[in-house]
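**Student:** Before I ask anything, here is the structure I am working with.
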Amino acid sequence: MLNFTIRRLVLSIPTLLFISLVIFLLLQLAPGDPMAQVPLTVPPEVKQKMREALGLGQPIHIQYFKWLHQFFIVEPQVFIDWATRDSWLLGWLPNTQLSYVMNDAGNFVPQQRVISWQTRSPVMDIVIQRMPQTLWVVGLAYVVGILIAIPIGIYSAYRHYSLFDQAGTFVTMVGFSIPPFFTGPLLIVIFSVYLGWLPSIYDTTHVVNSWATFKVQFMQMIMPVMVLALQTTAQISRYMRGAMLDNLNQDYVRTARAKGLGEATVVMVHVLRNSMIPVVTVIALGMPAIFGGAIITENVFKVNGIGQLLLTALFANDIPMVMTLTFIFAILIVLFNLIADVLYGVLDPRIRYD
Amino acid sequence: MTEQAIPASPLEADIEVYGALKDEMPQKPPRSQWRDVWDQFRKHKGAMFGGGFLVFVTLAVVLGPYIWDVDPKKLDIRNKDWRTVFSLIWDSEAKAGWIHPFGTDQLGRDILAQMIAGGRVSMAVGWTAMGLALFIGTAIGVIAGYFKRLDFWLMRLTDLVLSLPILPLLLVAVTLFRQPLRANFGPEGGMFILIVTVIGLTSWMQTARIVRGDILALKEREFILAARSIGTKPGKIIRRHLLPNVISPIMVSATLGLATAIITESALSFLGVGFPSDYPTWGKLLSDAVSRMQEFPERVLLPGIAISLTVLGVNYLGDGLRDALDPRIRGR
């Protein structure tokens, strides 16, 4: 198992490098000019200087290696410096200055980080600013979706072909088919416009410090969470039902019943534990989408999370931002694929990778 | 003397017992595989409904413009903001009528005509992108499964594409290549090619994996060995013997592909990177209506319901096909 994990980890390095190259080359074809917003009165030679200041004067391969260096070496160094300086966990360690280099004059200066063309601030700082909103809304929706899906899946498999099963299958099919850009506006029309119960826009600046503010926060989270949870529920409950159906007909279930175990123990302990194996891997495979944010749902409810950040960066031709964000998503996808495979092997002793 | 006939041989006595064996011809004509599949498919009510709805939508958008021959782009500013004809049921004062059954938009364009035109684009994108994805997926799956030398690299490629973040990359690709393609093929044609290619290139991986798995199992079977032993060329083996045997997983993934393609196209239009603004698609109609959904909720509902019902129909069709094409489930 350890062998397999190490082999997969090593193999994922060239995969990720290749993905970064693909994304980089794709973005190089971008027709947009980062200087398009600069006033026309700025003379061309100044514009050329500004372009070079953004790192655009270099040939493509130098730009690519600079980006790799900044992303894989400078950003972790900055993180370590921050961790040893300000974080409560590691702040007791002596302060490191890894991200500083000596310049020609002999002074220590910070190294160049990946800079957003829109805001001229480091991309990673903006990502960290946007992360909490995305994690709260999308992550909570994922948890809620799983918590709803698993009982539905168990019960519809246990009462196969019953009315509940039929209704559950229909609802999951509907949840599977209705896109979030329709459920979002639909919920807004019903609950914000006609009933006036819930706010239609997610207010990110809202601070929770009392019961009343917590209630406001709760109200504004209901709709985006429900829209996203519907999708998760539809997907996971289908898997759960399928896995339970596979296991309910197995011999060991008959054995368990024959030796006099209660129905609750048979279903909730014996069958459920075996059925959870494929479901857990499906849940792991869905994790990258949480961090990636839900581009459409965040757009509908105006949540300024990662998905919305990517969308605005795309429209503003902010290439370093788009590049870094897409690459972070790719890392997460590769990582969680690996985790799902390893989990499958750990949970199911019949699976042998070596 | 007894009347009882003495059997000539024990064998004949057995035949006497199993009377059916005396039949020289089968009593019922033999049934073809597709007949069985169709019979099983008909039992699945959801699939029949879904397939019927898909046929209905396809016919409606293909033949619709000839029956409802109102120009979807014609502005009629005097008759703007009509409601649907159904609003007359609860509000007899409403600005509505059978001239515009689904009402008109803020520029007086007929919404029914726009829905038909939009459906045309959405369905065309869906079918074409699905066809492209199936073609690439089947080709890669068959080649990887049949030719051992290429298997490793093609499957690594599939894994690689699977680990790309799809929606962000779609958005990147569409925003980047919009200008050059529009310049070459016109605003509508260029966008159509771009969206179809981009969706096709990012959704073939599941088909490729399924097809490869089936081919790997099939090519060890005796009939392939027999075909090879009489000197059949690989190309012929693939076309004549392998492809017909993997048709069922391909059909099932075709339905999934159609559903994803329709949703992806609508999502791109919704985010504002799809077709040009005066060119209706269902996603575009929906996103245009969102800003005024307080006053005119039906403009959000109509395209939304159209997308959802079509995708629901396609998904049910896929479910039914999966059951009908699986010989273990069929006949039960």
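The backbone N, Cα and C atoms fix where each Cβ goes, and this holds for glycine too.
The feature transmembrane segment is assigned by TrEMBL to B:47-68, B:124-147, B:159-177, B:189-211, B:242-263, B:300-318. The annotation domain 'ABC transmembrane type-1' is assigned in TrEMBL to B:119-318.
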**Student:** Can you tell me which of B:47-68, B:124-147, B:159-177, B:189-211, B:300-318 gets the most C-beta pairs within less than 8 Å of the transmembrane segment (B:242-263)?
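**Tutor:** Per the Cβ under 8 Å count, B:124-147.
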**Student:** Counting a contact as 3 or more Cβ pairs under 8 Å, with residues at least 6 apart in sequence, do the transmembrane segment (B:124-147) and the transmembrane segment (B:300-318) touch?
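**Tutor:** They do not touch: fewer than three Cβ pairs between the two stretches lie under 8 Å.
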**Student:** With Cβ-Cβ distances below 8 Å as the criterion, list the same-chain residues six or more beyond the ends of the transmembrane segment (B:47-68) that contact it, or say none.
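**Tutor:** Cβ under 8 Å, 6 or more out: 41, 112-113, 116-117, 119-120, 123, 306, 309-310, 312-317, 319-321, 323-324.
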